[in-house]
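What follows is one structure encoded as structure tokens, with my remarks underneath.
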Amino acid sequence: MSENHPGRRRVVIVDDHGIFRSGLKAELGDAVEVIGEAPTVDEAAQVIRESLPEVVLLDVHLPGGTGGGGAEVVKLCRDLLEEVRFLAISVSDEATDVVSVIRAGARGYVTKTISTEELIGAIDAVAAGDAVFSPRLAGFVLDAFGTSGLVEDVRDEELDRLSAREVEVMRLIARGYTYREIASELFISIKTVETHVSKVLRKLQLSSRHELTRWAEQRRIV
Amino acid sequence: METTTTPEGQLPQRPPLRRALDTPVAGVCLGVARHLGLSVPLVRVVFIVLALAGVGLLLYCWLWIFVPTQEEPTPEAARRGLSGPALEQTDQPAPSSGTGAAGRSAKVQRGLDSLTSSPEVLLGGVLLGLGAVFMVQLLGFHIDWRLVLAPAVILSGVILAWSQIDRTQAEGADPAHRSAALWQVGIGAGLVMVAVLVIAGGLVGTGQLITGIIVGAMLLGGLALVLAPWFIRLYRTSQVERERAAAEAERADIAAHLHDSVLQTLAMIQKQKADPAAVERLARGQERQLRSWLYRQNAQATGSLKDQILAVAAELEELHSVPVDVVAVGESRRSQHAPLVAAAREAILNAIKHAGPASVYIESTEQEDAVFVRDRGDGFDLETIAGDRMGVRESIIGRMHRAGGRARIRSTGSGTEVQLFLPVDAQPKTNGNNGSAASGGPAQKVSEHE
């Protein structure tokens, strides 16, 4: 993954709290190159268009724009999604917020309490085109799609159900396993784990399953 | 004003004139007594004597209307805001008149007080007065009953209606109370009107009375038409005021909570900035508290498996300053979670004591509840340390087995995972009651090592 990019990841931090931005910057240190910061929806869209970073660390709650928060930033940059990857980073427990930013096109969701190494790993994974699921997000996916996963092989166009393998992967993420541990647990390669997670991300983004929205309204990921 | 040291002059300032609560009628006498520093029975006797003379009742009614009760918020109290008590302490010891005959005078006072404070005694007085009037008539004097009864009816109607004045605000929210109050006020007003008509009927003829009623009604209608907008406006304004006060109270509640918890924690974090572990523990504890406070309306279902394990995790996290993350999926179909929660508690405790941060995953399906407790410690071999690990053997494996579930422990170099399963229809095993004998054998079978 990271071998393709010898240089440091170019990152933009979008968060309306200046203290959090500077704290995050200090925490990431030399691991990434912070090329821009923005506190509002409109400024974020502008900064991202000008600097074209590899990864945007995006807070879910942002002022400005039409009030859509992080999801609106992703939507404004929809044409850039091939080059610019969004990683939602939030303290929010509101499933609606998390799901809206993921469905808008973000590649992952982590909580603000994540450790620095894990965050750097997540930035790398997202930059490489993979999806990053926190245990909480995996728990939410299982809650919304169901844990049965009876179907051994779900066809790709079937967006409302998870295959048995995808359920397994989600369950292990929710149990706190790393991709490497999941791979050895299920006797598959890490690459395959990443593929499964990306597929689940795609289902989460594209599923028209009406229950998903209802779920998101009722639930908070705790 | 000079300050005196006599018992009567102990208070440099008189307490404000407020009607007292929990009294038979309206608390006027007690309020006046407190304000003037006199004994209550004395004030009551004076009022009764004045009432017999004719002006006492009018004075009483006057004070009833214009003196606020203790409970009523006054403008000063509102201005003092939240920082000060809205009510002032009004309980003073009843001033005693002397030291020499203190015992006897206290007894007399108590007797007078109980005599004058009970409504039964008042009622008895009224009945006695009625009897006296009858006696006078029997003795041959002519009495115009209209002149006696009509004021009495007016008086009782007024008392009936006014007794609701102090109550409507406090209990107005309850519809049953409100309709009862409306009935009482309505009946009181009806009584007064009937009595007034009776008096008027004695002064003018029936035909004139009917004309008068019609004219009066028309006048009232006209006045109502003119004044209605003001009353509606007044009502709306008071409604808005009340809502604003409620919003203000909520804001104050939030501010108080933030002050009590968040600001305190921030202050402590600043003090302990040299100790990262303490700072993290404080921050996590505060985060959890704030979350549960903000989202508490969603947590009505306390007692669910998820809530119980969240509580356990929070408690252990606090106790050992090690983070515990909990992810929950699905709702449990069981109603009794005690063994599963106890075993999970033991597993979390083991993890944070021996291995550091733990993540807990709860999954409830239609068949069973499952709890996974994972840590990233060095792991251990159940075979080699089984002897002294009674916690694991007894509290986790044995307990789950006795409850009709099962437990597995997987320990590798990169961490340990305790897996607990409890089927929805699991019944506690009766043969597991005799202690350690049951925990040894089955535990071995269900545990698995890697």
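All positions are counted from 1 along the displayed chain.
A Cβ is built for glycine as well, from the same backbone N, Cα and C atoms used for every other residue.
Annotations in TrEMBL come from automatic prediction, not curation.
Pulled from TrEMBL, these are the features on record:
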type	residues	note
COMPBIAS	B:89-99	compositional bias 'Polar residues'
COMPBIAS	B:431-441	compositional bias 'Low complexity'
DOMAIN	B:18-69	domain 'Phage shock protein PspC N-terminal'
REGION	B:75-104	region 'Disordered'
REGION	B:426-450	region 'Disordered'
TRANSMEM	B:42-65	transmembrane segment
TRANSMEM	B:121-140	transmembrane segment
TRANSMEM	B:147-165	transmembrane segment
TRANSMEM	B:185-205	transmembrane segment
TRANSMEM	B:212-232	transmembrane segment
If one takes Cβ-Cβ under 8 Å and requires six or more residues beyond its ends, the residues near the transmembrane segment (B:212-232) are 197, 200, 204
Other same-chain positions with a Cβ less than 8 Å from the transmembrane segment (B:185-205) and lying at least 6 residues past its termini are 146, 149-151, 153-154, 156-162, 164, 212-213
Of the residues in the domain 'Phage shock protein PspC N-terminal' (B:18-69), how many are helix, strand and coil by DSSP? 34 helix, 2 strand, 16 coil
